[in-house]
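Worksheet: one structure, shown below.
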Amino acid sequence: MPVHEIRHPLIRHKLGIMRRADLSTKSFRELSQEVAALLTYEATKDMPLAPASVEGWCGTVEVDKIAGKKVTVVPILRAGIGMLDGVLSLIPGAKVSVVGVARNEETLQAHTYLERLVGELDQRLALIVDPMLATGGSMVAAIDMLKRAGCREIRALTLVSAPEGIDAVLTAHPDVQIYTASIDQGLNENGYIMPGLGDAGDRIFGTTQKHAE
């Protein structure tokens with residue numbers, strides 16, 4: 001299945017706290033990173049391993065090491081930055097690519113305004129991070145950009161997803177795996193996820209929310 005709703009008890013508990021409207025910026029930011037780390041654990045379970053040897057305290061020890069493609073983490077600005085450290089806490093050697101995608105609040109259409117991608121993308125697994133998968137426009141635009149640059153293995157990590165956004169991504173890119181902490185009810189008339197988390201970018205950075213979900 002290309003869509004994975006991770007219903008681990010720790011994720012369910014932390015996400016429940018994040019839904020509180022009165023949660024502090026500090027707590028929301030920390031929980032975003034914690035849930036991102038748990039999603040990363042799930043999204044990398046099938047990474048290939050190769051045997052290796054190390055010198056232990058009692059002599060040579062046979063161990064496993066991660067093999068295969070290197071990883072690039074791709075936060076979609078700006079809200080994706082809030083998940084970045086959570087992913088890097090588990091994969092500290094990963095390179096970071098940055099994609100800027102903005103959504104027109106009237107048309108709900110996404111457009112890219114920034115592209116800072118690492119090299120050798122054809123040899124990397126890309127983990128795109130964005131807290132909210134709403135209409136799917138931003139995610140599709142980011143995937144389009146990565147594929148144009150040569151990346152062929154892409155996974156998306158989101159805190160909350162709407163069915164409409166999932167459908168949009170899989171229609172455009174059926175080869176992409178989606179890992180999300182929750183599939184919510186759907187979008188309201190303004191294109192916001194219900195019940196959602198509110199504006200994740202505003203809640204992570206402490207700026208004023210223009211709309212509430």
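Glycine is no exception: its Cβ is also placed from the backbone N, Cα and C atoms.
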Record-annotated 5-phospho-alpha-D-ribose 1-diphosphate site (Swiss-Prot): member among R103, R152, R155 besides R78, D130, P131, M132, L133, A134, T135, G136, G137, S138, D199: R103
Separation of alpha carbons, G198 (uracil binding site) and R78 (5-phospho-alpha-D-ribose 1-diphosphate binding site) (Å): 15
Rounded inter-Cα distance in Å - I193 (uracil binding site), G136 (5-phospho-alpha-D-ribose 1-diphosphate binding site): 11
S138 (5-phospho-alpha-D-ribose 1-diphosphate binding site) and A200 (uracil binding site), Cα-Cα, nearest whole angstrom: 14
Pairwise Cα distance for A134 (5-phospho-alpha-D-ribose 1-diphosphate binding site)/G198 (uracil binding site) [Å, integer]: 12
Those residues of the chain, 6+ apart, with a Cβ under 8 Å from that of S138 (5-phospho-alpha-D-ribose 1-diphosphate binding site): I76, V101, R103, A110, D130
